[in-house]
Amino acid sequence: MTSPSFISRASAWPVRMFKRFSADRCAPMAASIAFYSAFSLAPTLVMVIAVAGLVFGAEAARGQLFGQISGMLGKDAAASVQAIVEHAHQSGGGGLAALISFALLAVGASATFSSLNTALSIIWPSEDKSKSGVTTLVKVRLISFGLVMGVAFLLVISLVLDTAVQAAGKWAFGASPLVILADVAQFVIALLILSCAFAALLKYLPDGHVPWRDALVGGSIAAVLFSAGKKLFALYLTHAGTASAFGAAGSLAVLLMWLYFAAAVLLLGAEAAASRVEQRGEEHEGGRAKKSGETRGATAHAVPQTLTSGRAGVSPVSAPSNPQPCASAKRLNTVGRTSDTLRSPAASHFLQLLRANPVRLTAAVVGAGLFLFARSPSGSSRK
């Protein structure tokens, strides 16, 4: 049977996630990421196609990539993106110009991941404030370049797995209706690859430390939302006619909308992971406080319980017929008489004088004592 505490924690997690999403202003940050991504999309795709083309050839990599874009954005937007990539690819020359072009492509491709680093570092801030700005900038650019290469590597893996799953499905099921199982397996594999990609972004891009298990949770949530939103976005474009409403800028509008959605989904996954860590920390602190409270309560009840058990284990002893007061009782009676004496008006007046001027009163008492000693018979005989 599911415990109520587990249900309350499970229901509080999404609420906390959306509150953090609103408090960190993730919607404006997603718009900023979409803007930078639109201008760095061409160099990113050029580098991805170049790296993936080393394994499968440029045409196969280009066909796979733009096939995915066409399924997400529609044919018109995919054609516009393909034209932009073709112009960016043909702008380079040879020799030194090619090296300069490659360096500019690398810097442009890392702009998207640099903007992601800025946004994710707000969600996962760094605890070490001593790092210099130049070191952080170089680190972000290197990580961004590595992630661009990672995207190309994922494209290669996607090509290999798609081909392998389709071939295995045709070999196992042929023309049978069970061939749909191959499509399901292909979808699951694509979802796992996407989850790993998002988890890597959440792990390495923020300045703060993100545990792998939390990055995987956030990446999985972002991958599921991304896959579901991809279908819904394609359905929306089919029936809404957004591209035609913007005229010549329709393809750019669709691209920006899609990039905004992808960035918002990734930030929501990051907030889900951060909410999980925050909730786990609060539960840990609450458990420690509860444990310390129970320890203090057990210590407070230990003495009465011990005395009670001691009284229960001792047999009653008959009181003597003529009880004699013990020494402690005599001392208590003496103290009681002394305290009664101190309550007299003369003693109270003496104590007030002693508090008011203790030095003068002490000197007077000593002088009076010496005078009485000198006047006494024993004192006279000594003289």
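One-based numbering along the chain as shown.
Any Cβ shown, glycine's included, is placed from N, Cα and C.
What TrEMBL records for 26-56 (among others) is transmembrane segment.
Per TrEMBL, the feature transmembrane segment maps to 96-120 (among others).
Summarising the annotation, TrEMBL assigns transmembrane segment to 140-160 (among others).
The transmembrane segment feature in TrEMBL is assigned to 180-202 (among others). Long-range contacts of the transmembrane segment (180-202) within the same chain, counting only residues at least 6 positions beyond its ends with a Cβ under 8 Å from a Cβ of the stretch, are 113, 116, 120, 147, 150-151, 154, 157-158, 161-162, 165-166, 168-170, 172-173, 210, 212, 214-216, 218-220, 222-224, 226-227, 266, 269-270, 273.
If you look up TrEMBL, you'll see 214-237 (among others) marked as transmembrane segment.
Taken from TrEMBL, the feature transmembrane segment covers 243-270 (among others).
Per TrEMBL, compositional bias 'Basic and acidic residues' is recorded for 279-294.
As annotated by TrEMBL, region 'Disordered' applies to 279-329.
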* Structure fact -> Spatial neighbours of the transmembrane segment (214-237) not adjacent in sequence (6+ beyond its ends, CB under 8 Å) are 71-74, 187, 190-191, 194-203, 243, 254, 257-258, 261-262, 265-266, 268-274, 276-277
